[in-house]
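Student: Sharing the record's features from Swiss-Prot:
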SIGNAL    1-25  signal peptide
CARBOHYD  48  N-linked glycosylation site
CARBOHYD  107  N-linked glycosylation site
DOMAIN    121-305  domain 'FAD-binding PCMH-type'
CARBOHYD  193  N-linked glycosylation site
CARBOHYD  368  N-linked glycosylation site
CARBOHYD  385  N-linked glycosylation site
């Protein structure tokens, strides 16, 4: 039997060896709520005081419908409002894409549809949120997250296809209340004597719907999202910012950004434009939101809010019929092709109906026109003898900004996307080839495909010099796929596997000449995200810029720059 002293010495040596072996791994992880490194209640209280009492102890919105904090009047409000996207954007404990609120373990959810006695799990909703109302409060929150090694989440509206606006055991900076809008008749770039004409500066929390209303009152519009509840300064613009049809006319949102005001990982406020910190400015115009810092204000070009005539050509048919694709769908794409050549842009949509049929439409916008009959005449002339198989309607818009709904519903959807080149789309056989390949994708009930019109100014904006994949400069259309996610247990995982393994290969097959996607509408499990979103050269440059500005990866976004160094939820390096 060993002497007691020797036994204790050996045990202490063993424990020390284990600690030294595990310490590097532990130091490469973010702090979790059950660990000693987690901030004390006193630390959170001090933070709350520094944030002017804007720190929120966060719970899922459905928690008021469950024991032990059941509050029936509050529950009734949540049930009534939960399908309103505009309402959800103002709730730090909710997301527009609501299935990302749930965790990936068994029953890690807090559902409005389950009984009040059922457990309400925190899921992927952060534990605390800094509901910031000033740049200084953003700086305070960033410094706190850095000092305490917390998993930091940036949340604007919750329009996010990859789950980056939420995360378990995380600390959220909620930018929704940074809602200032300032119009400039002739904006001067900060740090230079260069004036660039009309522009608008917007706070991080401004919604496109509100910006369109404000712009409509002053006679301007920006190249922005089709949904009123998308944030104008957040991940949409920082991810590239693809409008439905205005990109063809004025370029992407990122092309039109003049400067960013951003709080970096050190907590400093930086103004980035073409003359100041041009590396960061380049990265922010397509490198992805929540990656290089917290954008608190963005300034972008504005354009006249034109009147327009909107024309819709639609068809419904049997997806099993070859002629539906070779004539009906190809015809709709041919209309878009023909009008694009004339400078008129639009969008194509295809959807599965509950009756088992397929519906499809092409919407085109004739800018600076007011006569409906003139637009309808152009459409019928373009369709020729085939016009009889379609329903054609046109209506005049007083302004482009008026063509956006005030609200958008909650969604449970996954996205995928691919680019179609000019070479394919503009070729004589392009529309038929695309229609034929589209017929192989296989939509389920309620799923749909839509295009965003590129070409035009998107191709001509090479001077804008953004980090998006070089193929954007020679592409005609972005084709996006929207996949419904059931609320049943395990449905999200099944939908993700179907998207990655079955649907995305078929989507990429639309144009075999390239394999390029758009991160804002991309597969959240895209295995080749570096190559398809940015391309190897741009990605390497983005990684270097991130190392320069955020060497400790305080800002990590799923399938974002540097995310390959971290696990699924961004907690531990891999």
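Each residue, glycine too, has its Cβ placed from N, Cα and C.
Please go over these features one by one and say how buried each is and what sits next to it.
Tutor: Residue 48 (N-linked glycosylation site) falls within a helix when secondary structure is assigned with DSSP.
For residue 107 (N-linked glycosylation site), the same-chain residues 6+ apart in sequence whose C-beta sits under 8 angstroms from its C-beta are 119, 121, 489.
Within 10 Å of the C-beta atom of residue 193 (N-linked glycosylation site) sit 6 other C-beta atoms, taking all shown protein chains into account.
The number of other CB atoms found within 10 A of the CB of residue 368 (N-linked glycosylation site), across every protein chain shown, is 9.
Taking the Cβ of residue 385 (N-linked glycosylation site) as reference, no residue of its chain lies under 8 Å away while being at least six apart in sequence. For the recorded site, residue 385 (N-linked glycosylation site), the DSSP three-state label reads helix.
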Student: Using Cα coordinates, what distance in whole Å links residue 368 (N-linked glycosylation site) and residue 48 (N-linked glycosylation site)?
Tutor: 51
Student: For residue 193 (N-linked glycosylation site) and residue 48 (N-linked glycosylation site), determine the Cα separation and express it in whole Å.
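Tutor: Between the alpha carbons of residue 193 (N-linked glycosylation site) and residue 48 (N-linked glycosylation site) there are 41 Å.
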Student: Under a criterion of Cβ-Cβ distance under 8 Å and sequence separation of at least 6, what residues of the same chain contact residue 48 (N-linked glycosylation site)?
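Tutor: Looking at Cβ-Cβ distances below 8 Å from residue 48 (N-linked glycosylation site), excluding near sequence neighbours, one finds 54, 55.
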